Amino acid sequence: MTPADLSLSVLRAVRRAVDEGALGPGVEVPERVVVERPRAGGCGDWATNAALRLARDARMSPRAVAEVLSAALEKEPGVGRVDVTGPGFLSITVAGSAAAGVVAEVGERGVRYGWGDGLRGQRVELVHRGEVRARVHAEAVRALLVAQGAEVRLREDREAAVVVRAAHYDPAPLGADAMRWALLRAGAGDRVLEGAPLLVQAEGNGLFLV
């Protein structure tokens, strides 16, 4: 079960709770929900703030909404356990069989895992400022779009509207993999990761773990 799969599971749980009247008549099913890794003090594999977002329309406390969604979500395939934490977060533990299913699918599809045709027939032009980090970001976005069937053209323009914070050193000596990791791992507006720690084979090095 991927985060995208789990997001759909949460949406189905919300829809079930709404259809059953457990959340009141004023609640609408959102178009999407976000699942992310639990924050410090959390538990499980993934977490979502869906209950906090729905609480106002439901005229219920976030924890009460979370309890309703927890019961509905535990009926979803691939969900092993759901805990309500903090003010109303849902902490979700994925069933072992669901995790194994993802591994099997990745092994079966190989480098084509994650590809689709949702953007087939669409043409996209990505404009970047030419600096190494801006170019690598544009190439990464192009790869994502191409994987979904789009036709993508890259174009350099020093006056491009999308601004990526420039690298403060030349990352090329790191090698292709470490260079891309350094340029992409931090947010586009954040400082580029320092290069030397990425070349150390240690548990604290995210690139090494990957």
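For all residues, glycine too, the Cβ spot is worked out from N, Cα and C.
What TrEMBL records for this protein:
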DOMAIN    8-94  domain 'Arginyl tRNA synthetase N-terminal'
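Residue counts for the domain 'Arginyl tRNA synthetase N-terminal' (8-94) by DSSP state, with H, G and I taken as helix and E and B as strand, are 33 helix, 18 strand, 36 coil. On the 0 to 100 pLDDT scale, the domain 'Arginyl tRNA synthetase N-terminal' (8-94) averages 92 in the predicted structure.
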